[in-house]
């Protein structure tokens, strides 16, 4: 299911991401802010486990997340979305997927996968700023499903309608959280209006 998150701060930071004059540092900070806000939405209704804690004065009821969270950034651009989330819990683990789509055609190349052990009781959150054709993300979800997590969600920043349609058709059970749904893909499969190549803008490369 597609879940576009509406928030004034997201719109403010998204404008910075789109602005071609933003420096890599400004791009990185805006990406971090939006990622945090989307993460709050992903985990808003996460199941909790009741525990007892001691305050300085007495015992009281408290809660902790029932399921572990595993982040899986799609390299490279997804790496910029990890740090804003891991600071919320020392128990968040991180896997990595190296997948890319060849610009000429729709062939997807999977070149790296490193996942934490025993994620069967985990909520996996895939991180990728751009959802363009959907072939890379659909491949990533299929790969992670082989590890049998309890739940898979996706945090992306900008998506094209074509990519949304492709991923929903392949994985209707996966929730996708977005900051924006853009107009279309151009002839080179870049999102329009988009924000350019997220990896290059994040790391200052070309």
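Yeah, the Cβs are placed from backbone N, Cα and C, and that goes for glycine too.
If you look up Swiss-Prot, you'll see 76, 101, 128, 129, 130, 131, 132, 133, 134, 135, 136, 197 marked as 5-phospho-alpha-D-ribose 1-diphosphate binding site. Summarising the annotation, Swiss-Prot assigns uracil binding site to 191, 196, 197, 198.
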What whole-number Å value do you get for the CA-CA distance of residue 196 (uracil binding site) and residue 134 (5-phospho-alpha-D-ribose 1-diphosphate binding site)? 17
DSSP three-state assignment (helix, strand or coil) for residue 191 (uracil binding site): strand
Please report the Cα separation of residue 76 (5-phospho-alpha-D-ribose 1-diphosphate binding site) and residue 198 (uracil binding site) in Å, rounded to an integer. 9
Would you list the other residues of this chain near uracil - those whose C-beta lies within 8 angstroms of the C-beta centroid of 191, 196, 197, 198 - in sequence order? 77, 129, 130, 158, 190, 194, 195, 199, 200, 201
What Cα-Cα separation, expressed in whole Å, is found between residue 132 (5-phospho-alpha-D-ribose 1-diphosphate binding site) and residue 198 (uracil binding site)? 12
Could you say whether, by DSSP, residue 130 (5-phospho-alpha-D-ribose 1-diphosphate binding site) belongs to a helix, a strand or a coil region? strand
By Cα geometry, the one of the binding-site residues (128, 130, 134, 136) nearest residue 191 (uracil binding site) is 130
Compute all pairwise C-alpha distances among 76, 101, 128, 129, 130, 131, 132, 133, 134, 135, 136, 197, the residues listed as binding 5-phospho-alpha-D-ribose 1-diphosphate, and give the largest one in whole angstrom. 17
If you skip the near sequence neighbours and keep only those at least six away, which residues in the chain come within under 8 angstroms of residue 130 (5-phospho-alpha-D-ribose 1-diphosphate binding site), Cβ to Cβ? 77, 156, 157, 158, 159, 191, 194, 195, 198
When the Cα-Cα distance from residue 197 (uracil binding site) is computed for each of the binding-site residues 128, 134, 136, which gives the smallest value? 128
With Cβ-Cβ distance below 8 Å and at least 6 positions apart along the chain, what are the contacts of residue 134 (5-phospho-alpha-D-ribose 1-diphosphate binding site)? List them in sequence order. 162, 163, 164, 165, 166, 167, 170
Same chain, |i - j| six or more, Cβ under 8 Å of residue 136 (5-phospho-alpha-D-ribose 1-diphosphate binding site); the result in sequence order is 74, 99, 100, 101, 108, 128
Once the chains shown are all counted, how many other Cβ atoms turn up within 10 Å of the Cβ of residue 132 (5-phospho-alpha-D-ribose 1-diphosphate binding site)? 24
Hey, what's the Cβ neighbour count for residue 198 (uracil binding site) at 10 Å? 23
